[in-house]
Amino acid sequence: MQTLKRLRLFLNTRLGFFTLLLFFFWLKTITAYLVDFNLGVTGIYQYFVLLLNPIGTTMLLLGLALYIKKPIISYLTMFLIYIANSALLFFNVIYYREFTDFMTINTMLGYSKVSEGISGSSFALMKPHDIFYVIDLALIILLFITRYLKFNANPFKKINAFAIMSFSIMLTLATLTLGEIDRPQLITRTFDRNYIVKYLGIDSYTVYDSFKTVKNNRVRDTAESYDLNKVLDFTKSHYASPNPSMYGVAKGKNVIVIHLESFQQFLINFKVNGKEVTPFLNSLYNGKQTYSFPNFFNQVGQGKTSDAENLLETSIYGLAQGSVFTSLGSENTFEAAPAILNQTSGYSSAVFHGNTGSFWNRDTVYKSMGYQYFFDSSYYDNSAKNTLEYGLKDKLLFNDSVKYLERLQQPFYAKFITVSNHFPFDIDSQNKDFEVPNTGDTSVNNYFQTAHYLDESVKEFFDYLQKSGLYNNSMVVLYGDHYGISNSRNVKLAKLLGKSSETWSSFDNTQMQRVPFMVHIPGINNGGVQPEYGGEVDVLPTLLHLLGQDSSSYVQFGTDLFSKTHDQTVAFRNENFITPDYTVLDSTIYDNTTGKEVTHPSKSVQETIKKEQKKVSIELNLSDTVNNQNLLRYYTPNNFKPVQPAEYNYKNQYDKLLKLQQELKNNSTSLYSEKGNKSTTNLYKTDAPELKPASESSSSDSKISSAATSAAHKSNSSSN
Ligand code: GP9
Ligand code: MN
């Protein structure tokens, strides 16, 4: 009784009211975190951060009202702040149900082209338990009406208000630090809005997003047609016309892009203890039906995988800092491979990726790229045994995607993003079948195992392509997105590569940025190793020309690798570059054949390098202008219609595919229809232990499991 009385007395102070609101809001936020959002929280540490993160920001916001002297105004202000914050939380809950993502400022203001904000129809998304998010408001008002709570007329000391504010700022900073410890570069790289909310809370996320939006808008608003003209001048004069003997070699074929996660060129034909690490990829690489590029470099920045995707499918660079996908991808205009191929030759398009759709903001950006279908982790059985840190294991990704792939209308452009070969290269023991070297660094050792696993996965997929007949009318493009072994770990690798760790240099680190680029076209016989130097930015014009598409009117910074006038200078994101003869790092010139620094370059070498350096800087700068000022919104290439992202929706895609197939009747070109309405999934053979009958797992049936995202999210080490 006594305590109840005391509690009531406390609640009737201004601090008491503050505490009450703080407690209610904390409770609502945690409910949203655990019941409505799927943040993939694992382990005590992450739960601790989750429980802690709403406190600092809520105190900070409500605490503002404590500075107001007049009791009524102070109480009212505090309550209004509370209502506004509750509304933000609640709208996010509703929005999340539709988009599995959080609202950005642009969505709230209705500026986002990609997904509409909360609309009338969104209220159909309400659930019975939503009452919990509003009942507190009624309760508080009731407490005042019944006079259980009263306005306390005693002034609140400024110094106390200040103390509360300082404490709340400290708490917010502490949360940020705890988040950064678990997820380094949380803010700078912004992998995923889910992560920001998980570690920092919904309020901090909104503030962060507002800052970003204001900054982006400011830069964007400075755009002038003059800037676009400069870009067009460059891309037009840089354009390399196709090699007639290669133009249209793969015309009309399906395009299957296989993203080999963290896969470096040095693995190709590499042996450990006398055994090839990737025998299947080697066979492709060495064969006559593949154009293979050993001097092909990754050009990614902090956006890693997403930068690679952007470079490959738009031929525009990533940003000097952060990822284009996450920083600008929600608003920018894209003129990307899937949209181009759809508009020029009726290609359908899909991405298959066993991680959460919001990672790298893919679920949003893919719409602007014109991807018709995006099969993310929600389309696969992502139970714990099937996943590694970044989602579905590769063998399962390929196997489980076939039921969707066979329903795609042909020709299609389909991209598979693998994940198993990702730092820290950990794979469960039942999938280990390769004797790894001993370099003294576990992640380096295990890299060979996961690369080997990836190789087996690709082989199984190729076997299926052949059996199902897809193989003959497809062109398969394979590429490594970026390094797996970081510069700091390269020294551990040196000995295996026949080099010394003592003399290992930045020149060597740069050479390690080679990643495979292979274009496998069944039926050709003039393939083989191509000596040309090139990078990820060169892929799109190359592919367009192979498919018989004119690329001259697009804003693309790369050039066709097969063209006689292909530009062989490869720019890295930090303005370093490499040519067939020289590697230039911070103005230091290295000779590619000796690996030694050119201390006294001849006049002509000096001049060439100066010219190339200037071009590289201009090119990267122009690319930044295109991205930062969203210049493509002002430029529509010939025969191209701007993509309308809001027309895309990645829900219930399997049903959509079936429906389309039915509507098209005899005109359906899906593999399934071609086979006389028979599935080809039984043709897929995999030795994936997860699918062995002994284990109680089911095969290609997709289950939308609530655990789907958690395994994919549990990772806390994206970069090494
Ligand atoms: C996640 C995967 C990894 O979905 O693509 O991205 P990365 O860490 O390599 O940039
Ligand atoms: Mn990657």
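In case you wondered, yes, glycine gets a Cβ from its N, Cα and C as well.
All TrEMBL annotations are machine predictions without curation.
Among the candidates Thr213, Thr222, Thr305, Thr439, the residue that TrEMBL annotates alongside Glu261, Asp481, His482 as binding Mn(2+) is Thr305. Within the same chain, residues 398-399, 402-403, 405-411, 460, 464, 467-470, 657, 661, 700 sit at least 6 positions outside the compositional bias 'Polar residues' (669-684) and bring their C-beta atoms closer than 8 Å to a C-beta of that stretch.
Across the candidate stretches 15-35, 47-68, 161-179, the maximum count of CB pairs under 8 A to the transmembrane segment (131-149) is reached by 15-35.
Mean model confidence of the domain 'Sulfatase N-terminal' (253-548) amounts to 96 (pLDDT, 0 to 100 scale). Cβ-based neighbour count (10 Å, all protein chains) for Thr305 (active site) stands at 26.
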